[in-house]
Amino acid sequence: MTDVLRHLYFLLIVRPVILVVIGLNVRRSNLLPDQGPAVVVANHNSHLDTMVLMTLFGMRRLKDVHPVAAADHFLRNRLMAWFSTKIIGIIPLEREIKGVRRDPLAGICQALDEGKILILFPEGSRGAPEIREAFKTGIAHIAKRHPEVPFTPVFMHGLGRSLPKGEGILVPFFCDVFIGQAIGWTGKKDSFMQAIADAMSALEAEKEIPRWETS
Amino acid sequence: MFSHLSTEIHLTFAAIAALLLLANAILVLRRRSVPDRDDTELSLRVRTWWIIVASFAAVLAVSRTTAVVFFAFTSFLAFKEFLSLIPTRRADHRVLFWAYLAIPLQYLWVGTAWFGMFIIFIPVYMFIWLPTRMVLIGETKGFLRAIGTVQWGLMTTVFSLSHAAMLLFIQPGGSARVAAVWADESAKASGGAALLVFLVLLTQFNDVAQFCWGKTVGKRKVIPKVSPGKTVGGLIGGVASTVALAGLVGPWLTFLDLPRSLIAGLIIGVSGFAGDVSISALKRDLGVKDSGSTLPGHGGVLDRVDSLTYTAPLFFHFIYYCYG
């Protein structure tokens, strides 16, 4: 039942909004992983980011695609938890773990073992719109445990203008989505993080972007 | 379904389809003669032309309201492309929302043929409301540029383009300055649609003619800093071709007589050039090649309708003055 609702939600609401109201300029969508286990790492500007990436995978791959999202935010009440896990299909991530009680990456690793395609925003939170922050090293720990899994870097621009943090009104802007070559575990945390960061910078540099004026 | 469109409109679309078939044939021949020449961009462009022409014909055939909605959506895409290109202030999020809201409203005035509101809504009400809303936010840094860019975008992509759709509602008045000349009795039912087809056909033909003449004749550049491909010879050749086609098509397709058709051709030829290079100047200022990637081979929607944003209001007011 929830699978049907999930399908309808993406087919009738998410896709029309993303493809018609927003509109995407996608470069190299063929580089997206066709099947799991795989991880997509993207910069994070807006709640729309997840919807755009899931739209890119099309309805055919929808059942395999799951965004990783903060448990403290998306599971904060029962309705939200149901919507997040059943309709959006998030894999909850415990962001703040005081002391070492549980393995925070357990959910992610299990999903990869099941052959899922995960969407990760390693900046941690949406932050200031359209300003890219350094990726947190959590992805290196995932890559180390799953050295066979490809990490596909995706740079997105425009969504932070459409629906920035703290705004409830969507204002349409075309969104750029640039997809890079997948990167595998390099054997070392530093070099892996550097490879991902370089790939993201190269994707960001592909287009002259009209900078947001800070005021 | 097609019955409300005149025979002349049907024939015009048939002729356009024949031209596109010719373009396809030339592409095939080119590929045969020089196999390693890269025509990808050109064939993409022709394929997109097919889609544009087919959609335009289809919405006209369905109903006048459908055609108005089609133009509203075109305005929406063009305005969105414009805003995506230019730098906007973060503070203006809600101002831009209001600017978008002007699109359905403006086309509502078109769809209900409320001429008085259609003509003043954006240049009076929106041009007063948008800066007011912007002032209420309280941010003065970059105010002039922010309001100037939004208003220019709204003026070209929404106000100007809506004139094309408003042509659908033109009926020659009883006390017109110039008598309407009808090809036949049946054409009276779709006089407005014929004007719209005439405007769009000539504007797009003018673009192609300017391009072709620019490639073949003329050395002296018109405005090398804006558009290095535009030469004086190309401009004159393009305008002359457009005037000639207007004289040929106008009296047959529309209720314009020969002199009015020629003047309309001149207006479209010259202002089409101006609209084209204005958007070129904007893109050059921002350092981009295309305004977007919605129409493969053409760039963005704004790249395709740039000339129309200038020809539509001028052609409309010329018609309105003569026949309104």
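Count begins at 1; order follows the chain as displayed.
Cβ coordinates come from backbone N, Cα and C, glycine included.
Because TrEMBL annotations are produced automatically, they should be read as predictions rather than curated entries.
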Have a look at B:12-31, B:92-111, B:152-171 and point to the one annotated transmembrane segment in TrEMBL.
B:152-171
Sequence-remote partners of the transmembrane segment (B:49-79) [C-beta within less than 8 Å, at least six residues beyond its ends]:
1-2, 5, 9, 13, 16-17, 20, 23, 99-100, 103-104, 106-107, 110-111, 153-154, 156-158, 161-162, 164-165, 168-169, 192-193, 196-197, 200, 294-295, 300-302, 304-305, 309
Most CB pairs under 8 Å with the transmembrane segment (B:191-213): which of B:113-131, B:152-171, B:234-255, B:261-282?
B:234-255
Stretch with greatest number of CB pairs under 8 Å, the transmembrane segment (B:234-255) reference, B:113-131, B:152-171, B:261-282 candidates:
B:261-282
Surrounding residues of the transmembrane segment (B:113-131) on its own chain - C-beta under 8 Å, 6+ positions past either end:
95, 98-99, 102, 105-106, 147, 150-151, 154-155, 158-159, 162, 166, 169
